[in-house]
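The next block holds one structure in the form of structure tokens; read it before the comments.
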Amino acid sequence: MTQNIAKALIPSIQCNELGLDLNVSNRRPLVYAENELAPFVLTQSRKHLNRDVKYYPFDQNLYRDVLNPELCQEQIKYIRSNSTILQARFLDAGLRIPQGILLGNQIHLGNFYQCLNIIENVKEMNIQGKYCSLKVSLGEIGSLQKTNDKHFYSEPYHVNIDTVVEVTRLMKNVNYTRMRTLSSNLKLPYSPDYEVNSRMGPDNPLSDIEFTLAICIPAPCTTPEVINTIVGNVTDIGINYKEDFCRLPNDKLWAPVDYVAVAIFSAIGFLTILSTCYDIYYSKVLVKDKRKVNSLYICCSVYTNTKRLLTFNNVPNSLDCIDGIRSLAMIWVILGHTFYAIPIHENPLEVFEWAISPKAIWMTAGHMTVDTFFLLSGLLLMYRLFPILAAMVLFEASLFNYVSDGPLWTGPAYNVLRCRQYWWSTLLHIQNFVNPLNLCVGVSWYLSLDIQLHILSPIILYWVLSPKKTAAWAALTSGLIASLIAATLYIFINEFQSGIISPNRPEDSDDYFIYYYINLLTRAPPFFVGMIFGYIIYSWKGKKLTSTMVIAMMFWLCCLSVFGIILYMLYINMQLEWDNQTADSFINSFVRPLWGLGLGWIIFACVKGYGGPINWFLSLSVWKLPGRLSYAMYIIHFSIMVAYYNSKLAPAYFTVSSVMFNFFGFFSLTFILAFLATVMIDAPFGILVKTLLGPGVKPEKTVDIKDQDKEIISMPTDIKTIPTNPTIVADAEKSLSPR
């Protein structure tokens, strides 16, 4: 056998004092055979979060200072002997058997607020409730043994051991898939780890199951002190437990970044009010021409910026259909994340069965939407919007921790911790190399890849901007072929799974996310496909195609067939019986560029008059405003979902209809917040930068702000007239600054 010579390992850390499980070590290492070259992706950093107290969103000192073993025993004695009602309050807020165990649920969250609201002053003692989360495994309790009796039952509950074994197997699949794969970009507090202790053998299938239970105890106590005092040493009967985290009232620690955030956001609000009042007074009360006023005075005006945002004019040679494609892609992203972001279910087995069924393909294939943005980015060669990203990073590193609370809030607290340490790599767009496991603003990994692709694009653009079409085509095709060959070799060497959901390979989910899903090499082909279609559209600008409708229909048939094949492949590779590594590698290598190819044809056909009703639908004016807001919506939407779902006090029963109701709420709130962020942060920043740099910049021929909702393919002579504005925008957004 070939000797393994290279392994990439992730350091292990535990942060129990914070209440966060930061253990990222239990992963299958990437292994490379002898004489193989480890791909360049191995240079990605495996940095973990700093344990310095200044980063912690919870007050560790408070947790330590309240502990007092003597006072603990005194309070337990009083509660047990003198106060039946107080004892009932502690018990009622704590331990319960999870509902829906046979549907895969292993979590009971108790009553978070009821526990923390327990405050009693008796006999010179202040009895305060403390909420703690436990990880409980049954160990060798029951010592279930399989017998020759086909209908073996365990009295008195008549549990069929075959059923237990099957349910256990499915539950392990569910938890691996749900808690590690679907939430790979958001480390959630309840992600059971099934690295089973060696003494928990296969003779007891229940030993593989780890329950997450809540317990309410007096603040001076630790969980072992309470359990050992009241129940005794439960480990003697095979029940193993460990304290995951504890929470106390007012345990969120204000950090310097919180004060900075309050100051900055307050200043933005004050300037917005001041600028808006001045704008309305100047234009409506004094009835003066606003063109004569200093633009700095009204740069933060909600009134003027809203008018600009809502003004749409027709521009020749514009790509109207892109507004629809961009908006629909953003809707698909929000819809997919509405399903993915749910941390816990009361019926995870049913969720799992639905997710791998044909009925869920519209949701499980949602990750292909990102390749739509890569295609548009290459086609339009746009830039990235900095102000909204910076504002979101600041918010997640500070005030986001105070949005809500609950037993699941250690998940959002982990986001706060990541942003406090790795805000700089997010703003520099290098987090996919520096901290791929600890992304700040989880969806921003796409921005890092897109910026990196734009940094590399001049290598191709140097030849594309030359007057020789042969050189341009050679550069574009060479770039696409080189990226395809490099990505294909890399994918076949590493043997990744072929989807975010892979029930048979749950242990590979982290490798898939880090080394494939957010990897520059594997995501580059759709970008180059977009560049090629952008050049094709420019080359045919003002020209009519001579092809017949029959040929166009053949291309449409091929396009739709490609989409159908892609969706089918994404469905079959999620099945439990799927085990075809060669097919996995082919899917990873070619599905994304083929998706870009299909979308490229749709855009080209719509521009050249072969889009029919599809072009009419994608060019509707209803898509223009969502198209302008789509970048801000992309940055904001996931944090809203995280805050909502992690405020839940108990697992909810999953149905598609209930999640769809959540989607409409998320979309509406995201739209409103994106509108406000664009008007109050993005637009003023663009005006401010243009005003400050204006005197030193030679006047250029540019497009009026009212027309910037349109995408125009610009080539050599046009590109030279683009002003140097440091406001950077996404493929899903344009600058709102007047030029």
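Glycine too: its Cβ is placed from the backbone N, Cα and C atoms.
All TrEMBL annotations are machine predictions without curation.
Database features, via TrEMBL:
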DOMAIN    84-227  domain 'Nose resistant-to-fluoxetine protein N-terminal'
TRANSMEM  259-282  transmembrane segment
DOMAIN    321-677  domain 'Acyltransferase 3'
TRANSMEM  373-395  transmembrane segment
TRANSMEM  472-493  transmembrane segment
TRANSMEM  513-538  transmembrane segment
TRANSMEM  550-574  transmembrane segment
TRANSMEM  594-617  transmembrane segment
TRANSMEM  629-647  transmembrane segment
TRANSMEM  659-681  transmembrane segment
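Through the fold, the transmembrane segment (550-574) approaches residues 355-356, 358, 361, 364-365, 368, 497-499, 501-503, 583-584, 587, 591, 594-595, 597-598, 601-602, 605, 610 of its own chain, all at least 6 residues removed from its boundaries and within a Cβ separation under 8 Å.
Non-local neighbours of the transmembrane segment (472-493) in the same chain are 32, 36, 39, 41, 459-460, 462-466, 516, 521-522, 524-525, 528-529, 531-532, 535, 585, 588-590, 593; each lies 6+ residues outside the stretch with a CB under 8 Å from one of its CB atoms. Sequence-distant contacts of the transmembrane segment (594-617), counting only residues of its own chain at least 6 positions beyond either end whose CB sits under 8 Å from a CB of the stretch, comprise 319-322, 324-325, 368, 371-372, 374-375, 379, 525-526, 529-530, 532-533, 536-537, 540, 544-545, 549, 552, 555-556, 558-560, 562-563, 566. Mean predicted confidence for the domain 'Nose resistant-to-fluoxetine protein N-terminal' (84-227): the pLDDT average there is 67.
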